[in-house]
Amino acid sequence: MSNIIVELKHVGKRYGDTQVLKDINIEIEQGKFYTLLGPSGSGKTTILRAIAGFLDVSEGEVLFDGKKINDVPANQRKVNTVFQDYALFPHLNVFDNVAFGLRLHRMSKETIQTKVTDALKMVRLQGYADREISELSGGQQQRVAIARAIVLEPQVLLLDEPLSALDAKLRKDMQYELRELQERLGITFLFVTHDQEEALALSDEIFVMNDGQVQQSGTPVDIYDEPVNHFVADFIGESNIIPGHMIKDFLVEFNGKQFECADAGMRPNEPVEVVLRPEDLDITAADAGKVNVEVDTQLFRGDYYEIVAYDQLQNEWLIHSTNPAKDGETVGLTFDPEDIHVMRLNESEEEFDARLETYEGD
Amino acid sequence: MKRKFKWSYLYLIFVFICLYVPIFYLVIYSFSTGDRMSNFSGFTWKHYAELFADTRMIQIVLDTLLVALLSSLIATIIGALGALAIDRTSRPVMKNTILSLNNILMVSPDVIIGASFLIFYTALKVPLGFWSVLMSHIAFSIPIVVLMILPRLQEMSHSLLDAARDLGASNYQVLTRVIVPYITPGIFSGFFMAFTYSLDDFAVTFFVTGNGFETLAVEIYARARQGISLEINALSGVMFVFALLLVVGYYFLQRAGQSRRAKHKRESEALINETTH
Amino acid sequence: MKKSTTNVAFYTPYVMWLALFVIAPMVLIVYQSFFDISGHFTLANYQTYFQSGTYIMMTINSVWYAFLITFATLLISYPTAYLLHYAKHKQLWLLLIILPTWINLLLKAYAFIGIFSQDGGVNSFLGMFGIAPQQFLFTDFSFIFVAAYIEIPFMILPIFNAIEELPENLVNASQDLGAKGWQTFTKVVWPLTISGVKSGVQAVFIPSLSLFMLTRLIGGNRVITLGTAIEEHFLTTMNWGMGSTIGVVLIVAMFIIMFLTGERKKKGVRRHEA
């Protein structure tokens, strides 16, 4: 309880008639890596800006270390931000950019020198202190932006899509570095991204956002394996989402057949959606599997083949397979009961958690 | 391809000759022993000697420079504040109205500016002379300063201001440590433009100056109406060399800056390639 | 967020300037146009302007000269700007174009008094071919020539900027699709650089309506523009009412030009002498 550093209580934000945040309740603990994940316009950056103090929330409370900070201006909040466009001051060189905040806090010259040097070392930019910002590559500018924010030793670092402007290779390298940096500094990172792979790879905990609401929060594994609704299932990873009916606990019907599954706690015959991840599907001979599909097209993705196939009801199936299939061939698909994830329609996260406890309970 | 290029250069060179012939014509005759701009009859420095001995002319040159310096300085300050004000105006109707008003003096013919200022000063009983000229020069230089600074302000990413505040800057510190340094190039070019406007102006000054005060342009007009005096040629010689030095210096400064930046960029790209592979 | 205090400090001097030096003078010149030479309120100035043929003729003349000057300037400037775009060292060339604008306009006009005089540069040049000296100074031709000479840089700069902004690939695409050089120019380059031409026309036409010192020094009072008339009324005959009336006409003309040439681009356009 005591190590909650930032908390949002019933936070909402309106611009005129548009509600961009609706009843946001978030608790953020010290020393963890959090991610706000969602498509553009889902409100994730708005939450970040509300915590940083760049905008006033319309309702609710923003708490820092247990104290309400709604009226504390941005320059007095103990959080720092890494901006999407880096927001490095073009008229200052690398050293002066990093020293900007320290000078505002009236630190001595020697302290500034040491702290800036340490921060630059932390982001592996030693020797770049005298460079102009315009002389740096995108990746280097990114590091300066991080150094500038962490040099003030904030308890929470806010990162607004910091990797979105980098190319794929550099982006992957930076993901490792960010995670490593967070562990070394031991402070809280709140990271905003629309890239679900990035979120899954980096986070201790993810908040999936859509439409100004938190759809689901949890560890990457929880969210991937047990999405609460259609949006989360679709947004996180690839998935086959098939309409079906819950016959009874641990038995679901879709595609005209009944399958064993690992879900329970629903009304008999309740209409549901069934999620099957493409990598959980295995190809066997026709009629040897649980479902028969006809292969339509396939793409070689390097480490696997992405196969699109159709069943007799013309439902589309996405399959990830290490072996290629033949176009037009009919094959069977097998999967285990645990691979099936059943979602109720319009179930909230709280209801989902409550239902889970009724039959899982460790 | 090659043939076409030759023709095009020929045309360009022709235009440039036309642009510069009158100026060189002036300068060449400043060295002529005669007293008219014809029949170059021998080399002499005497017109330059005359010019530097002409205390009235030197006084006018100094007055002109003083007006230019003061007016561009004050216009830059007011214009910069104006640009900041316009940038902060959020209502589009208000903003566009202010911008249109700002541009009125940019497009108005000088005769209109001169005549209307003359009516204005007369109505307010402002005596014509140094102060009326100075105020007029400030007035017609402000819009160009605004137009030089405003684009810099508008292209400034909003996240820069957020970043400064995030790092602990107060509103005042955001202004002095981020906004002003960022728009400094605009402030300088605004000042520079205001300075040249003031030096260049003839018509407005002609309307609002009384008997006691004269700028260079007004003096040249008065002398030119009386006929040719090679002292004026000597003056143009001096001014041309001055302008030329400014231009050449500016050009090489720019080139040096560009190549240094490009070199550094290449170096750091090479470095990052090394470190990532 | 905290707007009130800082914004007042920003607004005050600038708004004072707008009120005192932009709005007040414009209002005053309109106000003045309703007074006769002895200070009585009257509509006579406008009556005189519209009824006596001389003022109308002078206006038409002034517009006609401004048109000729603008046209001549455009004719020379467009190809120059276009070729400049493809030239090597174009920044240097550009500076060379701007350099003459730093020489005071009066000096350039003064140079032409020498060049065009009876025994001046042009006549000695013609003399080499056995042509007898001609009268150049104080003719319509010399007025248009000198005015065009002075205005050329102000036409080249906006056109050059417009051509520079034109993506090279559009020209390549046009050629790729089979357009010949001339077709590429008329169908792609010209329509896309028309904005620069418009700003140039604006920057040249409006001042050309009001050039008064050139009409005195070079035109020898043969050419009377709107500007000459205003100067005459304000500084010689002291009939400020009539001068203001012509001023109002000039302002109306200015707005018509601005309307016709559309949204002006701010770059590369300088206001300059009359």
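Yeah, the Cβs are placed from backbone N, Cα and C, and that goes for glycine too.
Per TrEMBL, domain 'ABC transmembrane type-1' is recorded for B:61-253.
Taking Cβ pairs closer than 8 Å, the transmembrane segment (B:9-31) reaches residues 37, 40, 43-45, 47-48, 230, 233-234, 236-237, 240 in its own chain, all 6 or more past its ends. Positions annotated as transmembrane segment by TrEMBL: B:9-31 (among others).
Sequence annotations record features per position, and here TrEMBL assigns transmembrane segment to B:65-86 (among others).
Tertiary proximity for the transmembrane segment (B:98-124) is limited to same-chain residues at least six positions away from its ends with a CB under 8 Å from its CB atoms, namely 82, 86, 89, 132, 136, 139-140, 142-144, 146-147, 201-208. Feature annotation from TrEMBL assigns transmembrane segment to B:98-124 (among others).
What TrEMBL lists as transmembrane segment is B:130-153 (among others).
Here the transmembrane segment (B:174-197) has Cβ contacts under 8 Å with residues 68-69, 71-73, 75-76, 79-80, 83-84, 137, 140-142, 144-153, 156, 160-161, 164-165 of the same chain, all six or more residues outside its ends. The transmembrane segment annotation in TrEMBL covers B:174-197 (among others).
Taken from TrEMBL, the feature transmembrane segment applies to B:232-253 (among others). Long-range Cβ contacts of the transmembrane segment (B:232-253) within its own chain (Cβ-Cβ under 8 Å, at least 6 residues beyond either end) map to 23, 26-27, 29-30, 37, 47-48, 50-51, 57, 220, 223-224.
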Folded-back contacts onto the transmembrane segment (B:130-153), same chain, C-beta under 8 angstroms, at least six residues removed: 63, 67-68, 70-72, 74-76, 78-80, 82-84, 86-87, 102-106, 113-114, 117, 121, 179, 182-183, 185-187, 189-191, 193-194, 197-198, 201, 204-205, 208-210, 212-213, 215
